[in-house]
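*Asks:* Okay, handing you the structure first.
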Amino acid sequence: MGRFIFVSFGLLVVFLSLSGTGADFFCPSGWGSNNGHCYQAFNQRMTWEDAERFCSAQAKGGHLVSIETRAEADFVAHVVAERIETSFPHVWIGLRDEGKEQQCSSEWSDGSSVSYENWIEAESKTCLGLELDSNYHKWVNVYCGQRNPFVCEA
């Protein structure tokens, strides 16, 4: 009986120590995690729509990245700086003009509300990308058919 309790206790300790690894365990292989979300930057050059479809196919709940806070913007800029070749001036994010009175859609491609904004310019908005010149912190208008690298979030 004592041996059974000892083994059971040992298994409980192992389980509890592993349960703290959380987010990385559930992220697809090679993806980074932050605050319960998984992120991956891809160097493939695609149009905004193709990149969105690609992200959806990569992971359950995958979309182009939705940047909802300054802290998340900093994390995404870090991921991009580490993984995207610096020869690309723009990197797709999950926001674009949906043709609603020449204003940007009020939601990200994953359906979440736009609660944080960081525009470089406030002109007509088409598709949005992060700009190299701002170290991938500022958003810039980009023609949706342009082929750019992108960041997926799941």
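Just so you know, glycine gets a Cβ as well, placed from its N, Cα and C.
Since this is a predicted model, take the numbers as computed values, not measurements.
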*Asks:* Going by Swiss-Prot, which one of Cys55, Cys104, Cys127 is joined to Cys152 by a disulfide bond?
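*Replies:* Disulfide pairing in Swiss-Prot: Cys152 with Cys55.
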*Asks:* Filter the disulfide-bonded residues Cys38, Cys127, Cys144 down to those whose C-alpha lies within 10 angstroms of the C-alpha of Glu153 (Ca(2+) binding site); answer none if the list is empty.
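*Replies:* Neighbours among disulfide-bonded residues, in sequence order: Cys38.
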*Asks:* Which of the three DSSP-derived classes (helix, strand, coil) applies to Glu68 (Ca(2+) binding site)?
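*Replies:* For Glu68 (Ca(2+) binding site) - judged by DSSP and reduced to three states - the answer is coil.
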*Asks:* Nearest to Cys27 (disulfide bond) in three-dimensional space, by Cα, is which of the recorded positions Cys55, Ser66, Glu72, Cys127, Cys144?
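*Replies:* Its closest listed neighbour, by Cα, is Cys55.
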*Asks:* Taking the Cβ of Glu153 (Ca(2+) binding site) as centre, how many other Cβ atoms lie within 10 Å?
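*Replies:* Other Cβ atoms within 10 Å of Glu153 (Ca(2+) binding site): 26.
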*Asks:* What subset of the recorded positions Glu72, Cys144, Cys152 lies within 10 angstroms of Cys38 (disulfide bond), using C-alpha positions?
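*Replies:* Correct set: Cys152.
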*Asks:* Ten-angstrom check, please: count other Cβ atoms within 10 Å of the Cβ of Cys152 (disulfide bond), all chains counted.
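*Replies:* Excluding its own Cβ, Cys152 (disulfide bond) sees 25 Cβ atoms within 10 Å.
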